[in-house]
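Remarks on the structure that follows.
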């Protein structure tokens, strides 16, 4: 098992490395808004690049950030930060960034997908690096304002200047990540592990596990409302325990009956066949097959995603969950 021996913090980073440089943040969604505001509040020169004037444009202005059309934002930028969705980045790069960017400008990413799978091929004279916060944009902003920060990953793809790591850590400091800690990785490792996590547990795995457990109980004649509470609703409480106290803390917090049942039946359900399928899923990611299929799917208007989402929305568990929302919310304590 490989492990990093280095975690970068505030003492390893210096904002002076990028002071005076113009930073163009492309996109003003969840991450873009948080990054732009945090970098601005850290005393850095930030503009936002958007493809069109609309809600994001007006929101940036109301936040005190200068919005520009992407072409105008990148032409004078020393550092260009891609914070638009993965599948938008290649078109944005080809049409609005590459033809207009300044020679030698840095390219920064929050996810390695487009670089790792060569959907974007950067100029040879640009530093290319990644800062990947391990939390959603609103949390990145909230923690920064409170004096904290969300941990992040850092990776260097091209280091033409010899100072790419220093600049990457300065960006990380600017968004507050070095207050917590920044772990070195590679574009390859970040991309493959991120996709794997999404597919086998965070989205795909947990969704299918909840669905299978719920449907098993209902098919055996149990009330769907009771099945929903036992297989879906209670998951949040346990995930919160894992987040706060780790897996050991979660196991210690549940009943002895739950401990025994979980430790015996858990391995029966998540068996070697499941682990084998996980490795197969990982190989699809590593080989580039998943990326190839996803690019094709996106180009066709995402029919698999649209159809799958429709099935989820029309499922019994979703209907029961919607019916129980009022009941669940009713029991929550009122905020003072």
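Every residue number used here counts from 1 along the chain in the order it is shown.
Even glycines carry a Cβ here, placed using N, Cα and C.
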Checklist outcome for this item: According to Swiss-Prot, 28, 29, 30, 31, 86, 87, 88, 89, 137 bind NADP(+), and the residue from 56, 62, 161 that belongs to that same site is 56
Checklist entry - Which one, from the binding-site residues 194, 234, has the smallest tally of other C-beta atoms lying within 10 Å of its C-beta? => result 234
Checklist outcome for this item: Ordered by sequence, the long-range same-chain Cβ contacts of residue 111 (active site) under 8 Å (at least 6 apart) are 86, 130, 132, 190, 191, 194
Checklist entry - Of all the binding-site residues here, 30, 56, 89, 255, which one's CB has the most other CB atoms within 10 A? => result 89
Checklist entry - Which of these binding-site residues is closest to residue 89 (NADP(+) binding site) if you go by CA atoms: 198, 230, 234, 255? => result 198
Next on the checklist: What are the sequence-distant neighbours of residue 198 (Mg(2+) 1 binding site), meaning same chain, six or more residues apart, C-beta distance under 8 angstroms?
Outcome noted: 204
Checklist entry - List, in sequence order, the same-chain residues at least six positions removed whose CB sits under 8 Å from that of residue 87 (NADP(+) binding site)? => result 294, 295, 298
Item to check | Those binding-site residues listed as 28, 230, and which of them has the most Cβ atoms within 10 Å of its own Cβ | outcome: 28
